[in-house]
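J.: Here you go, one structure.
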């Protein structure tokens, strides 16, 4: 007997999320990617004044660089989902890191603002999008029980990098100018390739276990002849059933799974998230100008954003820990609704703040609520659709959010220009956030809890990516796994027991041959008791 073919049912079961181990390295990579994706479009704003002087353009023209980056980050969600489902997370992230770096390096050689839009805006934005989404997918495959905490820690990368990249950009601008700063920033973005390289798919661990199973099988071939013969009978029977299972049609890979729109929870989440994004980013964008209009000095007004970022750093991991508690995690959607309600009420209550102390208090509470929203948004989505469909779900959600990003902040800016009143904008933004919170909470209670008994729970396949090779291998080895656990047991019998079993089998075989009886059809164990040899079993299988 030779080594069993791994394709014939001898594979181990797919690997479950380890909730640790190499997952912590994946979490670190996701932390870096999240930091670059959310903080980089804001950090490049320190170069805008120099760009305005060199290219003779206005502030609104340079602001389009950040807007295009964010539009690419959100709007290319479905494209990222298709690429991840087709090629896997690691190759997509490596390509994304190269594109992001190449965009900033090429931007350092541009001669007009349009070239900056194409390089720093489109190319770098697309590269960061190809890194951001796969990193979240990999985080969901490596963590299950600790997933809320992992999402909170990864989300903390945004405020950490924002507080680091902005001062770094100012230093680079003073020493090397905006062209040198862009060039060095492009080099920093090459770290995205390093983060992509550590995103090891879990099926590699399955292949290692397969090699161990093969080595174990070779050791079994050194058993006594009787034990080897009985082992061969059961192995052949298991192989036969594995081949039958393999012949069954497999599910094809879906580039983008639109079946998630049949999930009522996903529909509720998407509508709520669209309303949320309309008002969530308005207060921090207008905060500095609002403070200046109330008489706050420029340096103290800029420090208000630092307060939000500092509070945000601690709020996200803390909220992730709370969401991971056993009595909280089943109701994480309501915790997300509460965090949005908290954020919206903070905007409304702080609309009349007229001094620096009131604005500082607003920044503290806004930082806490903003961090809670950031830590829970993707955890809730994973809980609704499951990790198997998360790659398609996040792409479609980001695409819908892209429209809200392009509508919300620009509309608020136009209202400020028209009304010359920031108080109305804070009321409006807070009302939108409160509306999204109420919609999510009420709709989840009324639509989901009533139909909870009728609908099956969402799929939570630890493989992470829909249509992956691990998912297909699971159907191939499902039956073979059952037989391998029963038929491939180590030989603990003594030599006397083996000889006695062989004599009994030979005696039964002689009686049947004398009566003219053949080998009855049946399972491998029945054949062994009725005296069929391994050669007869193989000959029967050939027909």
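These residue numbers are counts, starting from 1, taken along the chain as shown.
Placed from the backbone N, Cα and C atoms, the Cβ positions cover glycine too.
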J.: To which of the residue ranges 91-110, 151-170 does TrEMBL assign the term transmembrane segment?
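T.: TrEMBL lists transmembrane segment for residues 91-110.
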J.: With TrEMBL as the source, which of 1-20, 21-40 is set down as transmembrane segment?
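T.: Residues 21-40 are the ones TrEMBL records as transmembrane segment.
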J.: Looking at 244-265, 332-353, 464-485, which one does TrEMBL call transmembrane segment?
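T.: Based on what TrEMBL states, transmembrane segment spans 332-353.
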J.: Examine the ranges 390-412, 505-527 and name the one recorded by TrEMBL as transmembrane segment.
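T.: Within the set 390-412, 505-527, TrEMBL attaches transmembrane segment to 390-412.
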J.: Which sequence-distant residues neighbour the transmembrane segment (303-325)? Criterion: at least 6 residues beyond either end, Cβ under 8 Å.
T.: 145-153, 155-156, 158-160, 162-163, 284, 287-288, 291, 332, 335, 339, 359-360, 363-364, 366-368, 370-372, 374-376, 379
J.: At an 8 Å Cβ cut-off, counting only pairs 6 or more apart in sequence, do the transmembrane segment (424-448) and the transmembrane segment (332-353) clear the bar of 3 or more pairs?
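T.: They do touch: at least three Cβ pairs between the two stretches lie under 8 Å.
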J.: Express the predicted model's confidence over the domain 'Major facilitator superfamily (MFS) profile' (23-448) as a mean pLDDT, rounded to an integer.
T.: 83
